[in-house]
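A.B. asks: This is the structure I want to talk about, given as structure tokens.
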Amino acid sequence: MSGKIQLLVAFLLTSACLIYCTKYVTVFYGVPVWKNASIPLFCATKNRDTWGTIQCLPDNDDYQEIPLNVTEAFDAWDNIVTEQAVEDVWNLFETSIKPCVKLTPLCVTMNCNASTESAVATTSPSGPDMINDTDPCIQLNNCSGLREEDMVECQFNMTGLELDKKKQYSETWYSKDVVCESDNSTDRKRCYMNHCNTSVITESCDKHYWDAMRFRYCAPPGFVLLRCNDTNYSGFEPNCSKVVASTCTRMMETQPSTWLGFNGTRAENRTYIYWHGRDNRTIISLNKYYNLTILCRRPENKTVVPITLMSGRRFHSQKIINKKPRQAWCRFKGEWREAMQEVKQTLVKHPRYKGTNDTNKINFTAPEKDSDPEVAYMWTNCRGEFLYCNMTWFLNWVENKTGQQHNYVPCHIEQIINTWHKVGKNVYLPPREGELSCESTVTSIIANIDVDGDNRTNITFSAEVAELYRLELGDYKLVEVTPIGFAPTAEKRYSSAPGRHKRGVLVLGFLGFLTTAGAAMGAASLTLSAQSRTLFRGIVQQQQQLLDVVKRQQEMLRLTVWGTKNLQARVTAIEKYLADQARLNSWGCAFRQVCHTTVPWVNDTLTPEWNNMTWQEWEHKIRFLEANISESLEQAQIQQEKNMYELQKLNSWDVFGNWFDLTSWIKYIQYGVMIVVGIVALRIVIYVVQMLSRLRKGYRPVFSSPPGYIQQIHIHKDWEQPDREETEEDVGNDVGSRSWPWPIEYIHFLIRLLIRLLTRLYNSCRDLLSRLYLILQPLRDWLRLKAAYLQYGCEWIQEAFQALARVTRETLTSAGRSLWGALGRIGRGILAVPRRIRQGAEIALL
């Protein structure tokens, strides 16, 4: 008996587990989950009057940041935001400065004299090594060490206005713009332009300024920018714990330069270093406390005069009216030595640094002089002109080295510029006339950290212009919000159509649904309705803003990179939302926040911790299952639609009028016709087989016409009286064996064959059913036995419950009676107190 009870209990537990322990896939829409993205960003700015930012969105500084309780990886170098910034700034720079593109080589031999620089010019005039704003040499442009530009006077012959005659030209050039053959025998040399292998300007080009442009990047709807808010972030952090989400970045500076970064937006009251995760490339943000600035100036003593080579063609040379022009120069202001010392101290504390801790053995050094000019010299742009500054005096000053020290450096303006983003050269117009000056705040240093074998460290200035924008935006990363999530639950989809309930409208920001990113999955799931509506409302709002901008500036879309980016951002957002809704619709979950399905969960060992796990962590664990889950959901939805279609067809018979609809019976009529055609075809096959078998035995076909017809099956009839015209002799013996006509005989033959066929089918079905009965009889007995066990177990459980109820009832009754008696005695005792007092008083008085 105990074995039966154990079997019954095991059966009940197994059934309950199969019913209640099965998990089904549940689709959640609006979960705070994201993945890395690489789509174009668009810009927003306050100053939309400049040429490069006229198509940006108007910036109102209303970009809130939502703190997220998550951990995320950040890398300033492997970053789509910084890569887009580098590409876009280069395109704006290239288009704004406008290098001339109509170029023709001009390689003529010129006879040039030696340098016109006098001995007085080569010796530095006396004066202080350090200058300030009140020093008189600033206005006179004759500070100690500055000199005139090296010039050469050249003559060359070219065809002039008269094409059949040569004309001699005499021009003055910068000595750095010509290459001469080494010949010490005479004072005159054979020289060529140093860009003879490149090109020179043959037509007039417009001269443009490089406008100071500041803008911020914004993500399209459906995408978010995450920022690492950790103060110890150094450009590469696999586990940043202080993450905030925003739709736009901070303002970024676009001025390109080498060695130093100007007017950056990341300067703080501290020095910090962004270090590449795999090599020694760094970008150092300087402490703004030291007020580091640079003031560049070109004296007003140059005049550019074009040379007319032939009719309709002009060559813009460096035609110098003043044969001894002063150099351009840049002056550094601020506490540079203290700032550089703080850089060394910050480097020593950096976790990536492996060199010496002695700051006296850490030096700022310049790159090799045989490098490109942009590498060997500090290169920057001042009012559209490209300055190349020799930083030797500056390095001697900040390092207090032996040699000439100044807080200013000489510079030179060039026309042939190596491109900083792509391999190539651009040729620009000569400098404009008049004095040029520009002042910038120095906010960063581009450098490589080189640790030597003799326990010394060199901070070598670098020409990686792209590092400036990695410092500006390196703490951001672009992610795509994927609001669709899967999780196992015990609820199974109910197949009837769900009713739609009206909900109140919640006005939240676009990033409102991300506020639950760090919360547990269970808590986040409670707000999915509001989150999904917030997501959609934010997409629509940003779409409208983008559309307004595109409409206002549709005539200028061809001018900058922003026009196409605005259009692409709008299209991307619409495509993303439609793609999400298409996926939900393919699973039967369109416009639902929580959608239960009939698909079983594929991995019972993989279940979420609803109270301790975030949706982002859960998505990382099940990412490898998403493809299979999506396919299973689609198959389940297809099967569901088929079932609903068949059910709707059956429901059509509920209406009595549909029974008289001929279209409802056409299918069954077709089935009947097909059955008749099948029987006829089967009979034809049987007849052909029998005919062939009889031909093999020597019989003729039964349908042979007389007199070839031979009666095979005789139908005997009774004897008849002969006619009066006939005699008995005429009748003969044929009267007793008269046969039916052959068509009737053939019909009888077919009937007998059909009866034989039906009999055989009946016998076969009877044998099959009998064998099936014999096979299923043991199963029936086994099921009957198990049913008896189950019935006995149910009766036993019922009796146990009845006994338990009876005992409980008796116990409660007895307890109630006892309690009632106790309460009665207590009540009677309380009521007897006055009587006892009276009796006691009477006894005392007696």
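Residue numbers in this text run from 1 along the chain shown.
For all residues, glycine too, the Cβ spot is worked out from N, Cα and C.
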A.B. asks: For the disulfide involving Cys240, grab the partner from Cys218, Cys228 as Swiss-Prot records it.
C.D. replies: Cys228
A.B. asks: According to Swiss-Prot, which listed range is region 'V4': 251-273, 389-411, 527-549, 619-641?
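C.D. replies: The listed stretch tagged region 'V4' in Swiss-Prot is 389-411.
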A.B. asks: Tell me which range among 454-461, 494-501, 694-701, 734-741 Swiss-Prot lists as region 'V5'.
C.D. replies: 454-461
A.B. asks: With Cys382 as one half of a disulfide in Swiss-Prot, pick the other half from Cys248, Cys438.
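C.D. replies: Swiss-Prot says the disulfide from Cys382 goes to Cys438.
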A.B. asks: Looking only at Cβ atoms, how many others are within 10 Å of the one on Asn113 (N-linked glycosylation site)?
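C.D. replies: Step by step: centre on the Cβ of Asn113 (N-linked glycosylation site), count other Cβ atoms within 10 Å, giving 15.
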A.B. asks: Which of the glycosylation sites Asn113, Asn157, Asn363, Asn390, Asn400 has its Cα nearest to the Cα of Asn142 (N-linked glycosylation site)?
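C.D. replies: Of all the candidates listed, Asn390 is nearest in space.
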A.B. asks: Please tell me which one of the glycosylation sites listed here (Asn113, Asn269, Asn280, Asn363) sits closest to Asn400 (N-linked glycosylation site), measuring Cα to Cα?
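C.D. replies: In terms of Cα distance, Asn400 (N-linked glycosylation site) lies closest to Asn363.
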A.B. asks: Based on Cα distances to Asn455 (N-linked glycosylation site), point out the closest of the glycosylation sites Asn113, Asn157, Asn269, Asn363, Asn390.
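C.D. replies: With Cα distances computed to Asn455 (N-linked glycosylation site), the winner among Asn113, Asn157, Asn269, Asn363, Asn390 is Asn363.
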A.B. asks: Among the glycosylation sites listed here, Asn157, Asn390, which has the most company in the form of other Cβ atoms within 10 Å of its Cβ?
C.D. replies: Asn390
A.B. asks: With DSSP helix as H/G/I and strand as E/B, how many residues of the region 'V4' (389-411) fall in helix, strand and coil?
C.D. replies: 8 helix, 5 strand, 10 coil
A.B. asks: Using C-alpha atoms only, work out the spacing between Asn269 (N-linked glycosylation site) and Asn363 (N-linked glycosylation site) and round it to an integer in Å.
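C.D. replies: Spelling it out, the Cα of Asn269 (N-linked glycosylation site) and the Cα of Asn363 (N-linked glycosylation site) are 23 Å apart.
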A.B. asks: Using only C-alpha positions, which one of Asn69, Asn113, Asn280, Asn363, Asn390 is spatially nearest Asn157 (N-linked glycosylation site)? These are the glycosylation sites in the record.
C.D. replies: Asn113
A.B. asks: Return the residues near Asn363 (N-linked glycosylation site), defined as same-chain residues 6+ apart in sequence whose C-beta is under 8 angstroms from its C-beta, sorted by sequence, else 'none'.
C.D. replies: Glu399, Arg456, Thr457, Asn458, Ile459
